[in-house]
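Participant: I have a structure here, written as structure tokens, and I will follow up with some questions on it.
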Amino acid sequence: MEHTYQYSWIIPFIPLPVPILLGVGLLLFPTATKNLRRMWTFLSIFLLSIVMIFSLYLSIQQIFLSCIHQNVWSWTINNEFSFEFGYFIDPLTSIMLILITTVGILVLIYSDNYMSHDQGYLRFFAYMGFFNTSMLGLVTSSNLIQVYFFWELVGMCSYLLIGFWFTRPIAANACQKAFVTNRVGDFGLLLGILGLYWITGSFEFQDLFEIFNNLILTNRVNLLFFTLCAFLLFVGPIAKSAQFPLHVWLPDAMEGPTPISALIHAATMVAAGIFLVARLLPIFIVIPSIMYIISLIGIITVLLGATLALAQKDIKRGLAYSTMSQLGYMMLALGMGSYRAALFHLITHAYSKALLFLGSGSIIHSMEAIVGYSPDKSQNMILMGGLTKHVPITKTAFLVGTLSLCGIPPLACFWSKDEILNDSFLFSPIFAIIACSTAGLTAFYMFRIYLLTFEGHLNTYFLNYSGKKSSSFYSISLWGKEEEKNLNKNFGLVPLLITNNTKRASVFCKKTYKISNNVRNQTFITVENFGLNTRTFYYPQESDNTILFPMLLLLLFTLFVGAIGIPFNQEGIDFDILSKLFMPSINLLHKNAQNFVDWYEFFRNATFSVSIALFGIFIAYCLYKPFYSSLLNLTVLNSFQTWSSKRIRWEKLINFVYNWSYNRGYIDAFFKTSLTESIIRLAKQTNFFDKRIIDGITNGVGITSFFVGEVTKYIGGSRISSYLFLYLSYVLIFLTILFFFYFEKF
């Protein structure tokens with residue numbers, strides 16, 4: 001076993017040859033490199049698979065032996081300072097290695113098909129390989145300097161991948177926003193690292209924890225300065241894991257390709273912040289105020305992310321805010337001192353969210369053949385609906401991921417989220433109420449996404465008249481339509497517009513689908529000329545096997561990965577893998593608890609959390625399912641609005657929630673007004689001062705000298721004798737004045 005640990009240093013470097021060789025190949029041999037692009041994909045998957053096998057072996061050793069292995073090499077710069085670098089293998093490292101490699105391999109397989117049409121196919125895989133290398137290096141680092149180095153590489157790779165389609169201004173702005181926002185967190189992290197080194201004189205984790213705890217116990221250091229350094233360390237994870245208030249970059253990061261959205265939200269960038277807080281928890285845990293700040297930031301993020309996801313129309317942005325909320329749960333658990341629950345939820349959420357993002361990518365891939373390659377159309381849930389019969393495998397996978405995130409047993413996220421909710425009651429009743437309420441909101445917005453996407457009828461070809469010109473629930477616009485005056489608005493529901501032609505709408509569509517009987521029995525309206533080119537309506541088709549295969553594997557993970565943390569412990573005997581892996585574990589909430597589980601208490605708590613989730617699902621079904629039912633007359637529904645003043649208050653509440661979510665809680669607007677515009681004004685004033693004042697003084701001196709020289713040249717007439725006469729005259733005048741003032745003193 002010791003022999004295996006000695007070669008652990010190679011883990012981050014195994015995937016590195018692919019991006020290096022791709023970069024060299026594209027520069028020197030572009031044609032040959034592009035012709036062999038499938039070979040590079042296979043090599044990327046193969047090398048990451050080697051890392052996965054190595055990581056599995058290390059994890060098995062950690063389960064049975066629960067040991068920590070560290071190997072450090074020293075690089076002496078001078079007699080007073082030496083830099084040490086190495087690798088650090090413990091249970092946290094082994095879990096992160098498995099998470100990164102398993103999700104990374106599946107995303108690479110998925111990307112082979114998803115990005116096959118893109119001209120930047122090889123560039124994408126080069127970035128992905130470098131991204132995986134950076135994250136593997138981060139989790140195996142043995143000191144804070146290495147952590148910061150790989151931390152910055154992770155940020156750089158995310159910048160490159162978010163702005164992968166850099167010719168699109170929205171994507172270019174999104175990657176800049178992510179980069180600048182994370183610079184704020186990274187600067188705080190750097191200050192915290194330097195402050196910690198100034199106190200302890202070490203960057204190594206084990207030395208750092210020991211020295212830090214000794215200084216706190218012996219009260220030999222300023223506690224306020226310690227707290228400041230610890231908070232600055234926490235600022236980095238706030239930005240990287242999209243915690244309030246540095247979360248604003250996360251929804252814009254959806255401008256990147258969908259596979260990288262899955263990787264960022266599941267196993268790499270946002271997981272890096274949770275990993276660092278978990279790694280530094282022995283430092284945070286001795287400062288109660290910092291632990292409370294961590295939990296407070298976490299609970300605010302939990303609620304904020306859930307409320308911002310309530311009315312999103314873009315399917316990827318809805319999932320992005322869901323990620324933000326779930327990361328808040330993990331941060332809340334770490335702030336409460338529930339180390340095991342936080343990492344358990346990190347694992348279960350990673351596989352569930354990767355499944356949801358890959359499922360959304362499959363949906364987008366199918367919709368692009370119908371509505372085109374504009375994200376405003378292909379990712380808009382308002383234009384979807386009725387996809388169950390068109391993409392049944394994707395629908396099943398997406399439903400499993402949705403149920404898991406809602407906390408429905410026996411799926412993965414149920415076990416971890418239930419543990420966090422139970423621990424929150426032990427920590428703070430107020431935090432517990434917010435966490436439980438947000439669990440209901442999670443179920444609501446996730447099933448809202450599911451219902452808008454898969455239930456009802458395909459809304460791309462539908463024009464819905466409800467008696468109102470605008471509504472956040474059922475206003476569906478038809479792309480390219482002319483004025484609506486051509487239609488009879490007495491219809492309560494116009495479910496289908498039929499035009500006559502046999503031309504194919506897209507080269508990707510191979511067949512049409514028959515209309516179901518329940519639609520066939522409804523009122524139809526035929527429009528011979530609606531201002532559009534006549535064409536036949538085509539429907540999305542299921543994605544290729546290369547896209548479906550990773551989704552099915554992630555579905556299996558979502559079904560069974562929760563088993564590693566199911567509390568089967570009885571009479572002090574630990575049967576679950578997670579307990580063995582984290583023994584001894586940090587848990588401030590169960591210091592005096594028994595080693596076995598009270599099943600009655602477990603089922604009681606589980607029943608409560610599942611009831612909240614089912615209530616959220618029921619509300620979502622009531623609000624969204626009817627609007628996509630072919631039996632509902634929306635004009636009749638709208639007539640109920642005049643019956644009661646409560647209906648008006650309900651509409652106001654809906655509009656408030658919609659505006660809050662659509663405007664991102666007005667936080668982006670606040671930053672734009674208070675920071676961005678202020679910085680722009682300051683930059684303009686600085687530019688004015690530099691150009692007008694600083695440059696004005698310099699240019700003024702130069703111009704003055706020029707004119708003095710010109711005047712002198714004009715008076716002297718360009719003759720040396722004249723210059724000598726003027727020079728002697730000035731000297732004589734100066735001496736006369738000096739002589740006069742000198743004798744006046746006497």
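For all residues, glycine too, the Cβ spot is worked out from N, Cα and C.
Residues annotated as transmembrane segment in Swiss-Prot, with sequence analysis given as evidence: 9-29, 40-60, 89-109, 125-145, 147-167, 185-205, 327-347, 354-374, 396-416, 425-445, 547-567, 608-628 (among others).
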Participant: The transmembrane segment (327-347) vs the transmembrane segment (89-109): three or more C-beta pairs under 8 Å (separation of 6 or more)?
Facilitator: yes
Participant: Given the transmembrane segment (125-145), which of the listed stretches 9-29, 40-60, 396-416 has the most Cβ pairs that are under 8 Å apart from it?
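Facilitator: So the stretch in question is 9-29.
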Participant: Taking the transmembrane segment (185-205) as the first stretch and the transmembrane segment (354-374) as the second, find out whether 3 or more Cβ pairs fall under 8 Å, excluding pairs closer than 6 in sequence.
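Facilitator: Contact between the transmembrane segment (185-205) and the transmembrane segment (354-374): absent.
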Participant: Below 8 Å between Cβ atoms, which of the listed ranges 9-29, 40-60, 147-167, 547-567 makes the most pairs with the transmembrane segment (354-374)?
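Facilitator: If we count Cβ pairs closer than 8 Å to the transmembrane segment (354-374), 547-567 scores highest.
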Participant: Could you name the stretch, out of 40-60, 147-167, 396-416, with the greatest number of CB pairs under 8 A to the transmembrane segment (89-109)?
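Facilitator: Between the stretches 40-60, 147-167, 396-416, 40-60 has the largest tally.
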Participant: Which of 40-60, 147-167, 608-628 shares the most C-beta pairs under 8 angstroms with the transmembrane segment (396-416)?
Facilitator: 608-628
Participant: Take the transmembrane segment (40-60) and find every residue of the same chain, 6 or more past its ends, with a Cβ under 8 Å from one of its Cβ atoms.
Facilitator: 4-5, 8, 11, 14-15, 17-18, 21-22, 33, 89, 93-95, 97-98, 101-102, 104-105, 108-109, 112, 122, 125, 128-129, 132, 136, 581
